[in-house]
Amino acid sequence: MREQGWAGGKYLIDGFPRSFDNLAAWEQMAGDQVLVKFVLYLDVCQQVMEARLLERGKTSGRADDNIESIRKRFLTFHQESRPVVEKFQADGRVIRIDAEQHRDDVWRDVQALFGPSVVFVLGGPGSGKGTQCTKIAESFGYTHLSAGDLLREERSREGSEYGELINSYIKDGKLVPVEITIKLLKQAMMKFGWEGGRYLIDGFPRSFDNLGGWETVIGNSVRVKFVLFFDASEETMQVRLMERGKTSGRADDNLESIKKRFVTFQQESMPVVEHYRLQGLVRRIDAEQDSEKVWSDVQRNFGPQVIFVLGGPGAGKGTQCARIAANFGFQHLSAGDLLREERKRPGSELGELIESHIKEGKLVPVSVVVRLLQKAMEERGWEDGKYLIDGFPRSNENMQGWNDMIGSKVDVRFCLFFDCSEAVMEARLLERGKTSGRSDDNLESIKKRFATYTQESLPVVESFSREGAMRRINAEQGLDEVWSCVQEVMHNEQDGHLLNQALVLIKPSSFNKDTQRFVQSFFTTHKISIVEKGVVAAKDIAEKNMFDKQANQNMSKCWLAMPAGLVELSSHALHSCGVCEARRICGSAKGNGTIRSNQALLLLLPHRLAPRSVAFALLASACLWLLYGQLSFVNSPATKREINVVRYDEMPAERPGYYPVGNAKRTAPYGERDPLPEGYGIRTGLSDLLKPLNAEAGVVAKEDSIPTVLVMVFGIVMLFLFYLLLLLLDNQSVLLPPEDEFDEYVANFLPYFFFGEK
C-alpha cells in the first residue's frame, strides 16, 4: 500500500484476514492507520463451491483442485475464517453478496455497493414531496435532487442548449425527454460525489420511458433502495398548488396547467409506482395528514427496523436471539447486557445507579436504557439497521419513554414473546447460576425479578397483543422445537408480494423438508392455495400451460438448465415474466433448518387473467344469472303457467253440497301437471333437501315427478359454474375435499346425490 500510494489510497484486500491471528496482527501493525470500510462476503453454499472447484480442476492444473484437498480447505475455512466474518458482522461491517447467482448478476450486486444509493420520491404535484425531502436531507445526510428543479435550473441557465425545449414541455404539462433528465441527474450525482453518495431523487422516474432510460444508462451502477410514495387526493393537491401559485411565480401553478399535470401523473407515473409496488419496494406515506404527522411517518423509513424480544427471566430469549442474528441478518442488542457493560465501564457516570437497581430487582430509569440502546444502534449502523432488542420494553413506562425519545424514528415491526412458566424459568436460572457468576442468579433475586416481570412487563405484552403486534412462542419446549417456531415466525414476517398463483422452483440440492415447510408456511400466511405440487422438468413448463402464451414466450428466452431438470430464471426476466426471487421473501436467512436465499424461485403469473379468461368468466356469470333468474325450477316464469280452475261453493249433483261460482286463474307448477308415468318413480337424495324449499315456494316436487330430476341437474350445473368462477378469479379450490379424502368423497356422497338411499 505504501508503494502504490498511502495517502488517499483505496484498496481491495482479497482473502485476508483468514483467521483471528491474521486479524490480531493487522490491528497491531496497521489497525489505527487504516479505515476498514466494510467486509465484502461472497456467500456460496459448500455444494456449489465444490462443484465449481472440481470443474476448474479439469483445466487449472492446480494440485489442490481435487476432492480430498477441497474438503480440507472447506474445513479450514469454517474453523478459521468463518469466525472472523462473524466478528465483523457483529460490528455491522459485513455486506453479503449472493454469489450463487450468474456472474453477471453477482457483478450487478457488487457494482451497486461502490456507486451511489438512491431513494426515488414519487407523488402527485402538490403532495408535499419537496418539503419532506428537505427535512430528510437535513436529518439523514441525503443529497436532495429534484428532477423538476434540475430541469428548471437548466431552462433558466444562460446559454443552455436545452432551455427552450424544456420550457415548452413544462408549459404544456408534458414530460421532458428522458435523455435530458437522466443526463442532468447523473451530472448532479457526479458533482456531489458518486461512490458512497446517498441521494433522494424527487419526481423521477415519472413514466416507463423514464424508467427504461434510467436502467439503460446508469441503473446497473446505482442501488435503488426503495420508492417513497406520497399519496394524496387530487382535491388536496389542487388546493395546495393554487395556494402556492400566489407566491411561487411558477408558470405551471395555474389551474389549467395543474389539471394537465394531474392527467399526466395518473397516466404516466402511477404505473411506475405500481411496477415498484409489485417488487415490494414502495413505502407509502399518507400525504393527506398535516406536515408533522407526515414527517413522523417518513422518519421511520430512514431509521432502523426493530423487533422487541420479551419474556420472563430464563425464558431463553438470549439463546434464540443469537440464532436469529446468525440466520436472519439482525443484530442482537440486549438491554440487560448493555446495562451490565455500562456499570462495569471504568468512569461510567451511570454505573452506580445501574448497580443499585439491578441488585434490588428494580427497573433502571427508562431514559438511561433508551439512551444506551440508541447509542448502540448508531454505532452499529442507524439507517438500514435491523435489530433485536432483548428485554425491552419491560414496562409501560419504558414503552412511553421509547416513544417520546426515538419512537418516531424507528420502525418497530412486532414483539416476539417467549412464554414460559415461572417453575421452568426458576429451574433454568438456578442451573445457570452455578456457572454464570451473575449476582442476580440466586433464588431471592430471582423471586423479585419474577414479581417485577408479572407486575410491569406482562401488561406491555398484552398491549402489543391488543394491537396485533405480538408473536407468541411456547418457550417451555426444547431448544430445537422453540427454534423451529421462531424460524416460522421470522419467515412469515419477511416482506414480499405474491400473486394468487405461482410456480415454485426449488433447486435439487435444496429439496428437503425444511424448504418445503417454509414454502407451505409462507403460502398459508399469504392466503395462497397450493393447487398442484410435484417435480416438473424444465422442458415441460411451457407444455403444461402453466402460463399464458405471452408469458411462455418471454420465459423461453431466460431458462438456465439446472441439474435434475429443474430450472431457474436469469435476473433479466424479472420485468418481462413477473419473477420474485425467494431472497425477497426471506431476507438473508442462512443456516441449518432455514431456506437459503436462492434455494427457491417464485414464478408469478402476471397475465393470469388474460382477456380470454375474463371473457369466459363473464360468460359464466351470464349463464348463472340466466339459469337462476329465468330457468329456475322454483321461482321463474319457466316453472309456471296460467290455467283455468273451477271454484265450487257447493258440490253439484255428482258432488252434493257444492255448486260452481265461476272461473279463476292461478299458477300451477310442473309438479301438479306433469307426473311421471306410473311405475316409473325416481328416488333421489336431493328430494329430502328440496322439500322445505319447495313447500315455502309453493312448488310440489314429488319423488316421482320431473321437477326433482330437473332441479337436481340445475343444482349440479350451478355448482360447476360457481366452482369455475372461483377457480378463475380467486384460485380457491374450496368445493373439493383434500386430495387424500377424494376417494371417500366420490364413493359416499356422489352415489347418494344421484341415486338416493337404497
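Sequential numbering from 1, following the chain as shown.
Placement of Cβ uses the backbone N, Cα and C atoms for every residue, glycine included.
The ribonucleoside 5'-phosphate binding site annotation in TrEMBL covers Arg152, 174-176, 203-206, Arg250, Arg261, Arg340, 362-364, 391-394, Arg438, Arg449. Look at TrEMBL and you will find Asn210, Asn398 tagged as CMP binding site. Residues annotated as region 'NMPbind' in TrEMBL: 146-176, 334-364. Per TrEMBL, region 'LID' is recorded for 243-253, 431-441. According to TrEMBL, the transmembrane segment annotation covers 614-634, 709-729.
This view paints the features noted in TrEMBL onto the structure.
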residue : record                                   : Cβ neighbours (10 Å)
Arg152  : ribonucleoside 5'-phosphate binding site : 18
Val176  : ribonucleoside 5'-phosphate binding site : 23
Pro205  : ribonucleoside 5'-phosphate binding site : 28
Asn210  : CMP binding site                         : 22
Arg261  : ribonucleoside 5'-phosphate binding site : 21
Leu363  : ribonucleoside 5'-phosphate binding site : 17
Phe392  : ribonucleoside 5'-phosphate binding site : 26
Asn398  : CMP binding site                         : 23
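A separation of roughly 16 Å, to the nearest angstrom, links the Cα atoms of Asn210 (CMP binding site) and Arg261 (ribonucleoside 5'-phosphate binding site). In the region 'NMPbind' (146-176), the DSSP tally of helix, strand and coil residues is 19 helix, 1 strand, 11 coil.
Taking CA atoms as the reference points, Pro205 (ribonucleoside 5'-phosphate binding site) and Asn398 (CMP binding site) are 43 Å apart.
Within 10 Å of the Cα of Asn398 (CMP binding site), the following binding-site residues from the list Arg152, Val176, Arg261, Leu363, Phe392 place their own Cα: Leu363, Phe392. Model confidence over the region 'LID' (431-441) stands at 73, taken as the mean pLDDT rounded to a whole number.
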